[in-house]
Every structure is written in structure tokens, then in C-alpha cells.
There are 2 protein chains.
Amino acid sequence: MFENKDSENTSISSLGEFGLIDHLTKHFKIQNKTTVKGIGDDAAVLDPEEGKQLVVTTDMLVEGVHFDLSYMPLKHLGYKAVMVNLSDVYAMNALPSQITVSIAVSNRFPVEALEELYAGITTACEHYKVDVIGGDTTSSTTGLVISISAIGTVSEEKITYRNGAKENDLLVVTGDLGAAYLGLQILEREKQVFKVNPNAQPDLEPYSYLVERQLKPEARKDIPLLLSELDVKPTSMIDISDGLSSEVIHLCKSSNVGCNLYEDKIPLDPQVIATCEEFKMDSTTIALSGGEDYELLFTVSTKDFPKIKANPHLTVIGHMTHEKEGMHLITRANTKIPIIARGWNALTEED
Amino acid sequence: MFENKDSENTSISSLGEFGLIDHLTKHFKIQNKTTVKGIGDDAAVLDPEEGKQLVVTTDMLVEGVHFDLSYMPLKHLGYKAVMVNLSDVYAMNALPSQITVSIAVSNRFPVEALEELYAGITTACEHYKVDVIGGDTTSSTTGLVISISAIGTVSEEKITYRNGAKENDLLVVTGDLGAAYLGLQILEREKQVFKVNPNAQPDLEPYSYLVERQLKPEARKDIPLLLSELDVKPTSMIDISDGLSSEVIHLCKSSNVGCNLYEDKIPLDPQVIATCEEFKMDSTTIALSGGEDYELLFTVSTKDFPKIKANPHLTVIGHMTHEKEGMHLITRANTKIPIIARGWNALTEED
């Protein structure tokens, strides 16, 4: 993809390290009044709002591990790398305000490729009103590595940890699950087809939602605002990018509670159901273990049920139990099976 | 170095991703009262001191680009990776309080190797009273990548940018220069000797300071405190890890001034002088372009000269001039030559 060294490509070395950073970051605009100084000094300077707490999170994406440039356009990759971090900020019921972006890149990438990556980062920051306040651009011996840290703000009253879920609280998930994982399967399949027949024209139309969820996920910036409007303070909250089952376990263990999760309540998009049938996959397994959905999982007191029940963005999928009862999936056949974490990319199985 | 798969080594995959993070981070203790929540949720939570500003910086270190594990012990690498970031915080006249640590690592590293790396990070954080509040541990297809972000605090009155230097201000540098670069040359030479004769016993004693400056640099945490004690507010300040000449240029361009830098004032350790003679290298060139010294370069008003002149940590090496006069080195022979940035690892030459 970047092997064609045609004359319109600019080599990274022609700009030099400082020139490259200037070139890539000059378009960033400051949108938040808490950002006193962005890029251009030894460190960025923030002036936090009085009475607000800050949340800080960081994620690293590695080529060949987290993304494959043969089907992930660099612009989308830049956008997604920001989303991965913002999702963690929203999971604290906070609003993101600043990010730093560090990139290691081999010189097989022309400057134009990095421009694409930064265009995606810029678009994400504009949409989510986040300032890029710093970063580092360095060479890599092989692939591309992107490390982003995000900072957000929230009042102490609203901040939501993983450890506040109580027995009988309702378990709620935003959006729908499993689509991002299936999107990846579709893209992998098309890559194999392309290898055999480079002239094949893939028809991705029946899978458009799945592919979009994989290539251009959105973090749930609407959820902290919605919760505020509904006057609901979740008792606990977590981002479920690693898969529903593994995050249910984190929430339960952090809060010292158990839970019953109802298979028939798990929200699935029609494309997920249709594609699972086509691939002969179990949609519940995909929803539980697929990952990369960037939805939020939270618990609310039963007294808040009337406030959330009619909302199209929120689905009650279960309730918390006493810790001794353990964590279970209640299947459509009304059998009770223990929930285990089995992310598709996990190095091992946890229980 | 990590190829011996003896039975005492633990593979990363045996712990799993979450198990590995828990294992590596469980020893971190919180030392700062502004850290409300460290590792263990979607994001860390900070409660900034009222009236203080925050500084944020980030740096990425890549195996084969920034370090060579054949002579850089992992514990030292962990320590140095923290120093690189803290130095940028001190360069704002701020005090560091928190860091996040993200690591991409190939499975050729046993868990014990990562424990060494984290031991160095932990030691650095204890010495510098910094909390590790988050991070990410992921696999890499090849080498080791470390990305650290640091947060520090400073009052608005004390914060020191690059852009405040005025004509006639004195140019001051901390410590001495060139040693870290020469330390790297010594280690590279020993690596070549070792390749030819693995039984050779290197005598590094004459180079002990140089090697220490390369392998175990310290950030100048004493300088913001010293400046406060001396009641000196620098007009501008910058970290000079990229080499004196390139940072003098940054300072001048940001502040719209010129400068005269006096060759005979540049502080050099006796080992630097002796080793430059041995290697037939020009010590001024090494001091100007060597880099990795993690010293601070700052400017002060001439009225503050009495406060700093006797201090053994500080050396006045020049003064700022009108922008039109440009940036010059005044040599021992009293000739005036333009300062150009020529870092040893620079991708191109700037002027």
C-alpha cells in the first residue's frame, strides 16, 4: 500500500523530526478554555476548572496486533485511535477535553500517509471537542505504533467508578453488540478473496453497519449528557471494548456482587443476526466476546428504572445479585450458565 | 539476552493480559494526595490543587531507535524512560506528580524481563515522588516500545515557557554537557569488542561518569526548588535532551531573540575532556550536539546574576541579543560562528 515510491510522495526524512511534527500538528485548533498551551513547549499547560476532577487514560495500538493496514484506511485508524481513549473517559461519566498523540513510524510511510492519519485524528478531535495538546513522533524499526492519552473532566458528584454496583441494581448496556467483531470477520474474508483474485469487487452493502462499526466506531459522548438529562447517576460504569462478558466480570468483581444476564435481552442489530446465520456463528457468543463495540455498560438503582426504560439508546440486560450467587447467563431456554471471559484476542482464559 | 527459554522464565501468555497488568502494577503505591484513583478503572482520577496549573508531556522510546538492549539493562531503561518525561516537566518549572506507562512487548520477553523494566519505573517513581496512575500493556510484533505521559503541577506565577527570553538576558545551563553521548560511544565500542572477543573484560572505570549519564540519567528535580529558594524566576526554560545547539535555537526562535554562546564557558566534566582527546573528537561539538544530557537551559534577567553566580549547579554560558544579530558561538579564538542544529540522530540538518 505504501510501497509505490512515486514522485508525489514526500519522504519523512526530507522534513526532519521537528519539521515533521510542525507539519502534522499546525492545523490543530484549541477548543477548550482549560487548554492554556498546546503543542510547542516542553509540556502542555492546563488550567483545570475549579471544583472539577480530572480523569486520565491511555491506550496503545500496534500494527499487526490491533490493526491491519491492508483494510484499515489510515484516516479511519487515526479516528478510531482517538475513540478508543475517549470511550474510557465517557465510562467515568466524564467529558474529554485534551489528548496527547505519540506515533512511532517506519520510513516506509511517506509524509502523505501520516497526513491521512492525522486528518483522522483532527476530525475526531473536532467532532468531540478535544484539543491535541502534545505528542511525540519518532521512527520505528518496523510497523506503526500509536499511543494516545486522554484527559477529561467531571464533578466529584458525577464521577462513576466500576466498584459501586449494588445487589438488585439493573445492568444496562448502550447501543448494540457484536457488530464490530463481525465487521472484522467480513474484512478478513474480503482480504483473503482479494489475495486469490485481485479483480474481485466485494459487495459490502449487506454488511455496511458491521464494517462501519469496525472501521469508524464512535465513542458514546451522548451517554454522560443523556444520564445528566435523565437525572440518573449510575452506581457503576465500564467501557466494554474488550467484550461484554469480560467487562461484566470486571464490574462484578470490583463491586463485590454477582449478576444474572439475560440472553434474550442482549441488543443485536439485524445485520448481526443475519451475518451470524450466514457464518453459522452463535450471536450471543459474538455479543459476549466479540469486543471493540465501544459501548458503555452500567448499573442503576431500580428506582431509576422509570427514567431509562423507554430510552432507545439503553437496554436493561440483567440485574446484580449477591456476590455468592456468582455471575450467570440466563439462556433463552432458561438454563443458567456461568459467565467466563473469553475475548477473541485474549492470551488466556479467565474465570 | 532473552532467548534462553530456561524453566525459571514465565511466559507472558501464561498470565494473560489482565493478569500481566495486575502482576506488574500491584506494587505501585500512591504518594500524592492529588491522586484520587490510580490503576484499576477505565481511567485514573486526579483532584488538582486549587490555583495550580497542570503540565502534560509525553515521550515514546522504541527499541533499536532509542535504546539497545544488548547494553541497556531493562531496569535502567525503565528508570530512564521516566526521567525523559520528568525532565520536560521540570523544564516548565513544574513538579511532576503522575505518569501513565504504556508498553508494547513481543513474547520473546519473559515476564521476569518486564518485572525488571517495571522495577526501574518503580524506583524512579519512588525517588521522584510520582504516582503511576495508568497504562496499557500490549503485544508487539517485534521490539519493545515504551510510551510514558507525565503530569505535573505549578502555580501560574512560576510556570516558565520557552518564549519569554529578552535581549540581554543571561543564558544559563545546569550541570555539564556531552557525557551521555560519549557514554553511548563507549558502550557501542564495547559491544563491537564483545562481538569479536566475547571473553574480553571491559574496563569501564575511566568512563564511569559517562556510562552512568547514558544508562542512568537523572532529571533535574533540584532545579525548580533551587530557583524557588534563590527567588529567581527564569524568563524562559527548555530541556536540552536533544542537544544544546538545537535547544538554543528553539529558545531563541520562540522568544524572538538572538544569542551569543561562549565556547569557553560550556561546562564539561574532566572525563568528557579526556575521552574527547582519546577519541579525537571536538568536545565543543559533542556538548553542542550530543544530546541526552537531561539538563535544563534557561534565561534570567541580568538583575538576577548575583543570585546565581556562585552556584555550582548553574553556569552562565552566554547572553541573549537582538533577534537581528542571530545566534552565534563565540569560539575560544574569539571568532563568531553561526549556531546550527545538528543532533547526532537528526534526520536532517536545520538552520
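A Cβ is built for glycine as well, from the same backbone N, Cα and C atoms used for every other residue.
Taken from TrEMBL, the feature domain 'PurM-like N-terminal' covers A:40-154.
The annotation Mg(2+) 3 binding site is assigned in TrEMBL to A:Asp42, A:Asp88, A:Asp239. Note: A:Asp239 (Mg(2+) 3 binding site) has non-local neighbours A:Ser87, A:Asp88, A:Tyr90, A:Ala91, A:Glu247, A:Tyr294, A:Glu295, A:Leu296, A:Leu297, i.e. same-chain residues 6+ apart with C-beta under 8 A of its own C-beta.
The 10 Å shell around the Cβ of A:Asp88 (Mg(2+) 3 binding site) contains 27 further Cβ atoms across the protein chains shown. TrEMBL lists A:Asp42, A:Thr57, A:Asp88 with the feature Mg(2+) 4 binding site.
Annotation comment: TrEMBL describes A:Thr58, A:Asp59, A:Asp136 as Mg(2+) 1 binding site. DSSP assigns A:Asp136 (Mg(2+) 1 binding site) to a strand.
Around the Cβ of A:Asp59 (Mg(2+) 1 binding site), 25 further Cβ atoms fall within 10 Å across all displayed protein chains. For A:Asp59, A:Asp88, the entry in TrEMBL reads Mg(2+) 2 binding site.
Cβ neighbours within 10 Å of A:His66 (substrate binding site), excluding its own Cβ and spanning all shown chains: 21. Annotation source TrEMBL lists substrate binding site at A:His66, A:Glu292, A:Trp344.
Every protein chain considered, the tally of other Cβ atoms within 10 Å of the Cβ of A:Asp136 (Mg(2+) 1 binding site) stands at 22. Taken from TrEMBL, the feature ATP binding site applies to A:Tyr118, A:Gly135, A:Asp136, A:Arg162, A:Ser241.
DSSP places the residues of the domain 'PurM-like C-terminal' (A:166-304) in helix, strand and coil in these numbers: 72 helix, 20 strand, 47 coil. Residues annotated as domain 'PurM-like C-terminal' in TrEMBL: A:166-304.
Taken from TrEMBL, the feature Mg(2+) 5 binding site covers A:Asp242.
The Cβ of A:Glu292 (substrate binding site) lies under 8 Å from the Cβ of A:Ala180, A:Tyr181, A:Leu184, A:Arg213, A:Gln214, A:Pro217, A:Ser241, each of these being in the same chain and 6 or more residues away along the sequence. Here the CA atom of A:Thr57 (Mg(2+) 4 binding site) lies 15 Å from the CA atom of A:Asp242 (Mg(2+) 5 binding site). Neighbour density around each Cβ, counted as other Cβ atoms within 10 Å, peaks among the binding-site residues A:Asp42, A:Asp242 at A:Asp42. In this structure, the C-alpha atom of A:Thr57 (Mg(2+) 4 binding site) lies 15 angstrom from that of A:Arg162 (ATP binding site). Around the Cβ of A:Thr58 (Mg(2+) 1 binding site), the number of neighbouring Cβ atoms within 10 Å comes to 28.
Chain B comes close to A:Asp42, taken from the binding-site residues A:Asp42, A:Tyr118, A:Ser241, A:Asp242, A:Glu292 by a C-beta to C-beta distance under 8 angstroms.
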